[in-house]
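Input: a single structure, listed below in structure tokens.
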Amino acid sequence: MAHVTDFKEAGFNTLLEELEWRGLISQSTDRDRLAEALNGEPITYYCGFDPTAASLHIGNLVQLINMRHLQLAGHHPIALVGGATGLIGDPRQSGERTLNPKDVVAGWADRLKNQIGGILDTEGANAVRFVSNYDWTASMTVIDFLRDVGKNFRLGTMLAKDTVARRLNSEEGISFTEFSYQVLQGNDFLHLFDEYHCTLELGGSDQWGNLTSGLDLIHKVRGVDVNVFTSPIITDASGKKFGKSEGNAVWLDATMLSPYKFYQFWINRPDVEMESLLKAFTFLPKAEIERLVEESKTNPGKREAQKTLAWEVTSFVHGEAATQAAIDASGALFGRGGNLEDIDEEMLESVLDGFKVVDENGEHVFPVSKPGDRVIDAAQAAGLFKSASEARRAIKSGGVYLNNNRIEDEEQVLAEADFLAGRFALIRRGKKALGAVENR
């Protein structure tokens, strides 16, 4: 696929023009001032990532994509992993965050750095710089904080921030800890401005109030107008935010969501979302995206747009090798090429996870089968048939497969060699109905 290295190759006159076309900017400071900053000499910009979980998610991915666009244009990125703010957590729309132990937060911070470093360039003239706000916040006394930082914030302005206002009007209210978050984030921007002449902050649209805290602070104490812009919040089909606190997170860490499942998330997006997702989540040129969108309208059954989207985003996050392995595993699973025996155990477990059944305790598990068990019994256990007689009829009609091999004998039993990686046997009914049993 034709990747681009900057906005000109993508078919745009300026970087800001490209970001706006891709729908990557929700709100910003004065557009002319922002355009002048982005189109001039390289600037230093930053985005903050709080380690409130062990992984980033696709809501954060939008920020990383924006950072990557700016990095490709020659600007200098700073990734702030919030060692201090991560101990507090920014206020949510509802409910206080659980405070995590310091050692847990520190471990999560290291994991986030590794994820970010896998996406942004870590070498070269504009390599990403990692900083932690714990380094300049932890040593600050309460008196210093109140005198040097807090003195510059007006309570009326702080109370008017959207999230704060909502929380104040709710039953649970808001703690002083979370209320103070915007002051800490504002101080972060000031520190990075002083230390690295950082003049632009990026964030999600739900962070607008926190971003403008730094904007106002720098204007007040340094007399300089800096810039901020936010990206839109990604939502699911019901309009709910995709995020780690919403229970349906699409994680970027391969140990928390496998590349296979990550790929499946993108390839299963509906046609109506193709234009916005291809624009926002890929680096394909404008002309190629427009072609794919048109193709999805005229030939939706081909699903070229979905396949391209899934490949582009998964390879961006997990690399091409892991993405190809996920595609090969999917093809092998349905007998569309590839060899089931070539899939490693970790990938197998991930691929087959959706074929678990609910046991008597309400747990999702793989049904158990052993060498010597009949295939028809294993197929029933996997939920493919309601009775042995139904399974027998399907075998007679040639519609039952064990590891993609048609079953001819109604009394065939599972052999040791039928368990892939020594654990899983895949049973298929027809072309699409799949089940799996585990030897344990």
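The backbone N, Cα and C atoms fix where each Cβ goes, glycine too.
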**Request:** May I ask you to indicate which of 241-245, 301-305, 341-345, 361-365 is given in Swiss-Prot as motif ''KMSKS' region'?
**Result:** 241-245
**Complete:** Candidate ranges 51-60, 81-90, 391-400; Swiss-Prot annotation motif ''HIGH' region' resolves to 51-60
**Prompt:** How does the model score the domain 'S4 RNA-binding' (373-439) in terms of mean pLDDT?
**Reply:** 93
**Request:** Take the Cβ of Tyr46 (L-tyrosine binding site) and count every other Cβ within 10 Å, whichever protein chain it belongs to.
**Result:** 25
**Prompt:** For Tyr181 (L-tyrosine binding site), what is the tally of other C-beta atoms lying within 10 angstroms of its C-beta?
**Reply:** 24
**Asked** How many other Cβ atoms sit within 10 Å of the Cβ of Gln185 (L-tyrosine binding site)?
**Response** 26
